[in-house]
Amino acid sequence: MMKLVNDPCGIFCILFTYSSIIYADYVVIQWVVLHTMQDSLWAPFHIVLFNTFLLLLTVSHLRAMFSDPGTVPLSHTNVSLSDLRQVNEPLVKREDWTMCTRCEAYRPPRAHHCRICKRCIRRMDHHCPWINNCVGEKNQKYFVQFLFFVCIISAYTIMLVIMSWVRECRQCKMYDMDTRQTQVLHSVILIMESALFGMFVIAILYDQMDAIYNDQTTIEQTVYKRPNPLHRYLFSVICRWPKISRSTSKLNIRSV
């Protein structure tokens, strides 16, 4: 189990993420489902299904946040590189191991140093502030699950809001004007939040699936100068991976 990374940006993103989740759950239950479907059997169905997706999203996010992304262990003794090559890595060419000048650890191929976690990560894809952790060899599957459930919930939320606008609600006519305006305001904010999160996460999910399909991490795609489409540019602005890749590419110095 990893400890929480002491990164102000990451901690803010986590608080913002869970604040958005709690707000979405409140609006969907209070102002969308119960407000427009309170006499229908669809109300408990949508509440249970929506909160099931939220539970799955939360579990996958927590696992991505607290799982070890593949941290390369530090050597606390004077172990030589030749000795370290003889253990734990039977499937790779041990002569391809390098030494990180930042954390002074011997690292296997495709491992990179994260300037925020201050450790080398196996098959590091990028450091994501939204999980306040690196996305690497051991937690990428949880990160992809988190992205998938965010996409599902964003689409589901937009569908519920549109249904509440289109579906005739007899009880809604009984509410006063202030209540109606509050319901519309919450619905508009929620649909904007879902659309923005949904579009952003779809771009990242596509990038992750592309990286998995091509067996290249985001850092490796930058080093090999693959085409940089619009979604990857937006991804770079928010997840800051170019800064990491530029710093780590300079550290890829072989130890003789």
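Yeah, the Cβs are placed from backbone N, Cα and C, and that goes for glycine too.
Per TrEMBL, these features apply:
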- 12-34: transmembrane segment (TRANSMEM)
- 40-59: transmembrane segment (TRANSMEM)
- 96-222: domain 'Palmitoyltransferase DHHC' (DOMAIN)
- 146-166: transmembrane segment (TRANSMEM)
- 186-206: transmembrane segment (TRANSMEM)
*By Cβ distance under 8 Å, which residues at least 6 away from the ends of the transmembrane segment (12-34) in the same chain are close to it?*
42-43, 46-47, 50-51, 54, 57-58, 61, 65, 129-132, 153, 157, 160-161, 164, 182-183, 186-187, 189-190, 193-194, 197
_Cβ contacts under 8 Å made by the transmembrane segment (40-59) with residues that lie 6+ beyond its boundaries_ = 21, 24-25, 28-29, 33-34, 145-146, 149-150, 152-153, 156-157, 160
*Secondary structure composition of the domain 'Palmitoyltransferase DHHC' (96-222) [DSSP: H/G/I, E/B, coil]*: 75 helix, 18 strand, 34 coil
_Considering every residue in the domain 'Palmitoyltransferase DHHC' (96-222), what is the mean pLDDT value?_
88
